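Pulled from Swiss-Prot:
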ACT_SITE  Lys164  active site, proton acceptor
BINDING   Gly63, Trp65, Asp83, Asp99, Asp124  S-adenosyl-L-methionine binding site
Amino acid sequence: MSNKKRSASSSRWLQEHFSDKYVIQAQKKGLRSRAWFKLDEIQQSDKLFKPGMTVVDLGAAPGGWSQYVVTQIGGKGRVIACDLLPMDPIVGVDFLQGDFRDELVLKALLERVGDKKVQVVMCDMAPNMSGTPAVDIPKSMYLVELALDMCRDVLAPGGSFLVKVFQGDGFDEYLREIRSLFTKVKIRKPDASRARSREVYIVATGRKL
């Protein structure tokens, strides 16, 4: 892609972003990101979060999902969040900055979880996008596979998994893998998710024993 084309594409994205009604609402409400609204819509339909829960948030920055979850789980609940990028503190959120793919970071994250299992693992991770699906989709699938591995390690029986996935090669196989681990699996496309985006959200509940 030429610099001229890239510049035009970037300009269109910025124009679309700042005119987006969810971006405007997020700014008015003092929210970290428009992702807050995606999670709110999913919570209204699927009721994933309840007071006192422990939740793992992978790909947490800038904190839209963590910010939402603390309003649902209350003071006795706990969010353990991780991201490669920095994130401003949120009351009720234990944040670890580091690359989730790094074994030392994963070990530190598991230590924060401790011996008790968690009730929800959620993943909004995405790689740096090149704009080429043949490159971006495999990178994304690798990240969500790691998130599913995290579920196997820390998610309690009956627990839930929420993950953003980009549709493309490997999606159907990944969906089958999730269905083998959970009793109920749904695919959501929240209104706050841009229509042209390949992203969907898999909501898996009832972690099998």
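Glycine too: its Cβ is placed from the backbone N, Cα and C atoms.
Note: the CA-CA distance between Asp124 (S-adenosyl-L-methionine binding site) and Lys164 (active site, proton acceptor) rounds to 5 Å.
For the S-adenosyl-L-methionine site listed in the record, the two most distant Cα atoms among Gly63, Trp65, Asp83, Asp99, Asp124 lie 18 Å apart. Within 10 Å of its Cβ, the residue among the binding-site residues Asp99, Asp124 with the fewest other Cβ atoms is Asp99. Between the listed binding-site residues, namely Gly63, Trp65, the fewest other CB atoms within 10 angstroms of a CB are found at Gly63.
Of all Cβ atoms in the protein chains displayed, 22 besides its own lie within 10 Å of the Cβ of Asp83 (S-adenosyl-L-methionine binding site).
Cα separation, the residue listed as 'active site, proton acceptor' to Trp65 (S-adenosyl-L-methionine binding site), rounded: 12 Å. In the three-state DSSP assignment, the secondary structure recorded for the residue listed as 'active site, proton acceptor' is strand.
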